[in-house]
Structure formats: structure tokens, C-alpha cells
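Asks: Take this structure first; my questions come after.
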Amino acid sequence: MSSTTTVAEFAAELNKPTATLIEQLTSAGVAKVQASDHLSEVDKQKLLGYLQASHGTVTAERKKITLVKKSTTEIKQADATGKARTIQVEVRKKRTFVKREDGSDLPAEEVQPEVVAAPQVPVIDDAELIRREEEASRHAELLRRQEAELAEKRRLREELDAKEAARELERQAAAESAKAAAEAAEAAKKAKPVTGKAKEVAQPAGAEASRAAAETAVAEEAAATKAADAAVVQAAAKAKATAEFQADAAKAQDLQERRRKAEAEAAGIRAMMSAPKRVLVPHVDPKAAIKGTLHKPAVAPGAAKPAAAAGAPGAPGAAGKKEVKSENLSSTWKDDAAKKKGIPSRGATAVPGRGNFRSGPRGRRSNDRDARPESTFVAPTEFKVIEVHVPETITVAELAHKMSVKSSEVIKHLMKLGQMVTINQPLDQDTAMIVVEEMGHKAITAALDDPEAFTDDDVQGQQAEALPRAPVVTVMGHVDHGKTSLLDYIRRAKVAAGEAGGITQHIGAYHVETPRGMISFLDTPGHEAFTAMRARGAQATDIVILVVAADDGVMPQTKEAIKHAKAAGVPIVVAINKIDKADANMDRVKGELVTEEVIPEEFGGESPFVGVSARTGEGVDTLLEQVLLQAEVLELRAPVEALAKGLVIEAQLDKGRGPVATVLIQSGTLKTGDVVLAGSTYGRVRAMLDENGKPIKTAGPSIPVEIQGLTEVPQAGDEFMVMTDERRAREIATYRAGKFRNTKLAKQQASKLENMFSDISAGEVKMLPIIIKADVQGSQEALAQSLLKLSTDEVKVQLVYSGVGGISESDVNLAIASKAVLIGFNTRADAQARKQAENNGIDIRYYNIIYDAVDELKAAMSGMLTPDKKEEVIGTAEIRQVFKVSKIGSIAGCMVTAGIVRRTARLRLLRDNVVIFTGELDSLKRFKDDVKEVKESFECGLNIKNYNDIQEGDILEFFEIKEVARTL
């Protein structure tokens, strides 16, 4: 379009009639009357402005532009605990440019930089705080308005009182004038004439006075009536004003109280917003009273000390006060003197009233009234029952302090109960409560004063969305039923061949990606010794796969696995393994499981039964489908973007890596560098490995990982959680360790009391002390339980120490001191430990299969048993002739009728088949030669030791006592 256009062209361009456009141009102030007139750009702008103004679409030109610039820095500042923290500081700069008329853009104003500190995490959300502050401000405004109204009422009431006081003064003045007039009239009435002349002269005056007096009396009576009415009205008004004043005062007090509460609430909200993070504070028992004595009353903490009752004479402010007697002053000196420790000297201690050998000069006795106590009589106090809060463990001294008695009294009562204790010995809760009840007080179980109450704060602050998670499946069953082989087929790996003896002795944790989703598997041992390990597996699981061999059926550990699964309340999927064998019988297995209350779905139960073969892989896909179907029914969810929580499945001490724990994450995400609290140990996660040994940085729910960096080896089965503060984690771990130690010591002491009488016969019992070192926590626990079960009434297994890790020099030293056998399960001794063990004759035994350890220890214990004595008859002889020899006695000539006769054997003398003597031989001869034995059908001569009453025809029965080794 050209710079100039005709009206007709512009109308055609706008699709408007030319007449309409000319009319609009005329209205806009552009003088165009013909279609051929030319239009410039200025004319078009005028037309546009007119049309926009007429239609209300005028856009005001922007006159001002504001620019905001932000910059963020960090500063370090100490918080309430004294720890340096990094605070984010945000600086906002605002600058505004205004377009002037002359066309220049100049900055109109520059706002000062606004420093905004990193916001504190509020306890209450911002909307709630704003609402509360607005409500508090409205409340305060209402109170101010009501106070203004009250002040106005008070001002009006004061003006009314002032007017009433003025009227009262006027009434009093009128009453006084009326009274004065009445007194004058009375005086005039009483006046009498002195003389008759005076009387005559005074008569007209008297009549006039009487008239005046009558008028005055009438006026006075009217004034009195009026005053009485006014007094009644005034009293009523005053009573009404008083009532209104009291009501207003009560209302003002109520308003003031409400205003104070509103201001306190607003101040509390502001303090809450600016309050520092909560820290641990030592617990103070609210029931602990501040105790004092009669002469020295207790002073509350923080209270000022009471001022002196009276000052010294001449002291400021002493004037006008009662004088203090000298004897009262000297009493304080006596107290100070009594507090001072006496100087030790030779001789007896001076007794008050009896003099001392170090008496005054010239043998005079000194006055010892000052040394005499005020009174030796102590008033008996009434017994007071105290509520004693007894924690889990408490020392004897602490218990005595809580009951306000001496420690010796508590020790006496414990001695009466048959327990010898010292003042610093810890008592368990049950024993302490018995002692408290025995001493007549009331024992209450104390609430735990532990820092663990703050562990939930971090978790509650993390409100993350719960997302679906993978199921955790535990494979359980009897030993050698094919649990690990089934998992091998699922994982396409060969793990069973790597286990010692082909049996599983650790919990294996794996996660498997299947086409239908991820599943985490826990493989538990089936051997009977690993009961606790199986229970931990059931505790951490969502679904249990119960593996039963089709050719073996339900066995003891199968029943135990069913009990664990039912106790944990998890669904059971039964996998009947080894169906490819010729002697497999699935119907028999189903019948046995029905007996154990595991009902298959085809019989109307809840447990799906799947036949599988770990060798060929038959039925494995169906088994996984059933597992995932059960997981869908359970709707398993867990928060992902939160602090990790889970369970310690296994723990061990690695020589190169230190304490290593296998954990199963149940919720949240575990990251490298997180501070972890697990039971009584803590640490920062230095490294994380998956089940294949590959390092990973993060792990989410249902993922088993191996973590390093803990300070000690945790207990298998402990819960672990991620803490935000390492200092708090250390505090809780230290507290738990001390609590565990105190509880353990107290239980040991309680067991000593129970075993007091059984220890009398303990000398007859032989002890086999052992020290166990295993590779992982679960194996150590299982081996210790299995070996302790071998104890009998004659030989007991004494577990000196059990731990995780290799055999060190300190273990050998402990074995030397306790004369114990060192057992290494999947561990070995280092060079120094081996050398020290050889030098001191310490027996170190290594095992990698739990059967071998149990069998060898059982054999060693069998060797310690006292052998049984068994009598064995070796031969008989008949006395054919008796010879009497002087100085020797009777010699029997015998014929050996059966067996053999030995010189060292014992014999019985039978006469008419009745034993009349049991003894031994003095000599045995054949012809003239001494012999050791004589065989059957040979003759011999023998002399019985210390016995001569023998006859022909007697039978001699020879026997030996043999020791037979016993077995457990």
C-alpha cells in the first residue's frame, strides 16, 4: 500500500461503503467529502484513534518497565546446637524505568536489595499461619474497639458522678440553712417576757414571731421531704451506677484477658516460625521434688536467695527493726563450727558433759556447753510411701536414692532374697520392682527415656507418594528339596554347586527381571539348625514359595516353614519339585500338606499348587505367574522419594572391607553417602554392591544390596533406617548398645540367683568350652544353637565367645585363658594366631559344613563321658580237693570246667549256687610254676586272698570288669 491512498481505495480495502467511511472520517476530524480525496498516514491514525475511543479498546501506552534481578549466595552460620550450617541467601534487586515525555528512558527508582534468607521449614504451613495472624489481628482490633467504647462509658460515668456530687453539695448547703433557721425560731419561742410592760409591748412581736416560725416549720418539712425523695433517687442511681461499673470492670478484665491471649498466640506463632531445630534435652523427672530441711529450706533453681532476717546494728535499713539477741547470733557460729572437721588428736574424743583430759589450766574443767549438741532426740517420722519409677536396668545406689534410703538397706533386703550384690551392680527391672514392693513402696514401670523418640521425626517429615513395588519372595522348604536349584533355573545361574556340601548355609538375596516384572528372591537354608534365619526370611517377605519334593513329601523343616509363613501372615505358593522323577507322587504330597492346613485352590483353599522341575524347567513359568498374581492381589506399594528403611538380612566381617551387611530395602531409596542406623551400630554408606558384586549408587524398594561403612557388625534381623543427622545416629546407637549391655548384665545376675542351688552339684558336671568364629552372622548363630543343644546332664557345652570374622590373636588368647576349643566355620586363622596356638597347644578346628562340626563335637563330648562298667564272666573252675598249708592257709586244687582262669581276674565263690564270697586270687600255680592263666580242662592250684573257708565241690566263677565307652 502506497503512502497516500484515495478514500474509495481505502473503503474497498476495508470492505466498507464509501459513504460510511467518509462519515467516519468527518466524525474523526478529517475533512474528506469525495471518494477521490487522498488519505495520508496521519489521517488513517486519526481515524484509528477515533474508532478505538468510540469502541472502548484504547490501549494505554506503557510508561514504566520494572526489572528484577536475583543473585544467590551461601553463608555459614552456627545453629542452636553450635554446629555450622550453610544457609542460602537470595538477593533481589528491582529497578524501574519510566518513559518521559521527551522520549528519554530514565530510572525512576531503584529499590534497595532485598535479602531473603533461606526459609525455615515451618511446623505449620504458610496458609494456616497467615490465617491465624489475620484472625489474631482482627481479634486485637475488636478488643481495641471495645476498649475505646469502655473508656467512653467510663468518661460519661465520671461526668455523671461529678454532677451528682455538685447536687449533693447544694442539698447539704440548703439543709444547713434550714437547720439554722429552725434553731433561730426555737430560740425565739423559748424567750419569755421579764416584766408585764415588756410582755404587753412584746405581744404583737410574739404573734408575729410565731407566724414566722410556723412558716419556717412548713418550709423545713417540705425541704426535708424533698431531701428524702432526692436521697432515695440518689441511692437508686448510685446503686445502678455501681452495678454498671462492676459489670464494665468485669467486661474490661475479660477483654483484657482475651487480648492478652490473642497477643500471646500471635507471639507464639511468630516464635514458632523463627524457632531453631529441636535438639535433644536431658529428661527431667517432673515428679522429682526439691527437697530441703527445717533450718535450710529448699530454693528453687533460678530463684534468688532469701535476704537476711535482720541486719547488723548500724547497717543501712536496720533502723526500726527488732534487735537480734546474741544467743541467736552465736547459733550460726555453732553451725559453722560444727561443719568444720575436727583436728585429729591422741586420746578419746571429748564427750559433752564429761570433761576432757586436756582440760583448762590448774585442772579446772572448761565449760563444754558450746560443744554439747542442741538436742540428741530425733522425732520419729511417719512412713511415707513413694512411687518409684523403675527403668529396665537400675543400679543399687540409684534405686536406694529413689526410695530415699541408704544403699545398705537395699543390699540387706537383696541378701534376704538370696542375692549378693554390690552398690554399683545393675539390677533388672523385675528384681528392682520386687525390692521396692518388699520395702513398702509402690513400684511403677518407668517410661523409656531414650533418644529414639526423635527417630520418627525424620520419617514423618518425608511424606512421599507410595508407588507400586516388586514383591519380595522367600523360598523355604526342607533340606535337599531343591530350593536353590529352582532359583538357579530362574536366575539361569549355578549357585548350588558353589555351596559347601551342596546345602545352603546363608540367606541368598537376588532380584530377577522377568518379562512380567521384577521379583526379589530370598533363598533360606533348609537345615534344622537355621531356624532363626528362616524366621528372618519370613519376616521380610511378601510371598512364600514352599518347595516340597514330590518323592520325599512333607518333612520336619517343611512343617516349620509353614509355621513361620503363617506366623508372618504371608500367602503361600506351593512348588512341588522333582516331578520329573519316576517315584514322584503329587497326590501324596497334597494330602500331607492338607494335613498341615495348607489347602490347594482345587480343594477350595487359598494356596496355589504348581508342579515344577528345577532340572528341566517344567512349570517354572506357571510358578512365576502365580507369584505375580498374588503380588497384584496384595497391591504392594512403598514410597520411593523418601529416606530408606529396611531389614538387615545377613552381616559379616570382611578382612579387607570391614563390617559388611546385606540389607533388603523395604521403602525409600538408599544412596551412597547416607547415614545408616542399624540396631546398635551406625555408619555412612561408603559403597553399595548388588547381588552380582557390581557397585551401584542408589537402590529402591524391594532391592537387596550389600553395604559397607558401618562401625560394627550389626545383628542379623535388625531394622535399619537412614538418618539425616550423623550425631543423632551415633547417640541412638550408643544408647542402644549401653542398654543392651545393662540388660544382659542384669539377666546374668538374675540367672546366678536361680542357679545358686544347682551350682552345688556342678562339680560333677564336665564342661567343654568352645569359641566359634564364623563367616556370617546367621551361620554363627545357627552353629552356636546346634552345639549348645548337645549339652547333657554330665557334659555341658560352654559357649565362651562367638563372633564373625577370621580367627585372630585375641581369640587364641581367650582360648588359652578359658582352655577352649577354637572352631572356625568358613574362616581361617592368620599367621600370628596359628603360631600362638601351636606354641600353647590350642586346638583349632576348621569346618565348612555344619553337619561335620556337630558330629565331631558330639564325638569329643562322648569321649568326656564317664564310661559304663560292664562285667564279663571269663571262666569257671570246680574245687576237687582242699589242702591245708601252715602260714598260707587253704589251697584249692581245681579243674577249669569252662573258659579261662586268669591271675588278675576277680572271682565269686558259689556253694549250692549261692554266692558266699567275692574277692581275688593271691596266687595261681600249675604244678610248681606260677602262671598267669589256665585254660579249660586243665588242673591248677590257687589260693584265695584273705579267705580260707572253702570246701570240695564249691564252684569258682571268674569275671573281669570292662569299661564300655558311652555315646551321646
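Including glycine, each Cβ sits where the backbone N, Cα and C put it.
What Swiss-Prot shows for this protein is this:
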- 305-376: region 'Disordered' (REGION)
- 305-319: compositional bias 'Low complexity' (COMPBIAS)
- 468-635: domain 'tr-type G' (DOMAIN)
- 477-484: region 'G1' (REGION)
- 477-484, 523-527, 577-580: GTP binding site (BINDING)
- 502-506: region 'G2' (REGION)
- 523-526: region 'G3' (REGION)
- 577-580: region 'G4' (REGION)
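Could you tell me the structural context for the features on the list?
Replies: For Ile579 (GTP binding site), the Cβ neighbour count at a 10 Å cut-off comes to 22, with all displayed protein chains included.
For the region 'G4' (577-580), the residues of the chain that approach it from at least six positions outside its boundaries are 481-482, 485-486, 547-552, 586, 611-616, 618-619, judged by C-beta separation under 8 angstroms.
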Asks: Taking DSSP states H, G and I as helix and E and B as strand, how many residues of the region 'G1' (477-484) are helix, strand and coil?
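Replies: Helix, strand, coil within the region 'G1' (477-484): 2 helix, 1 strand, 5 coil.
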Asks: Validating a neighbour-count step here. Other CB atoms within 10 A of the CB of Asp480 (GTP binding site): how many?
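Replies: Neighbour count, Cβ to Cβ under the 10 Å cut-off: 16.
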Asks: CB neighbours of Gly477 (GTP binding site) within 10 A?
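Replies: So the Cβ neighbour count for Gly477 (GTP binding site) comes to 29.
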Asks: So how many of the residues in the region 'G4' (577-580) end up helix, strand or coil by DSSP?
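Replies: Going by DSSP assignments, the region 'G4' (577-580) contains 0 helix, 1 strand, 3 coil.
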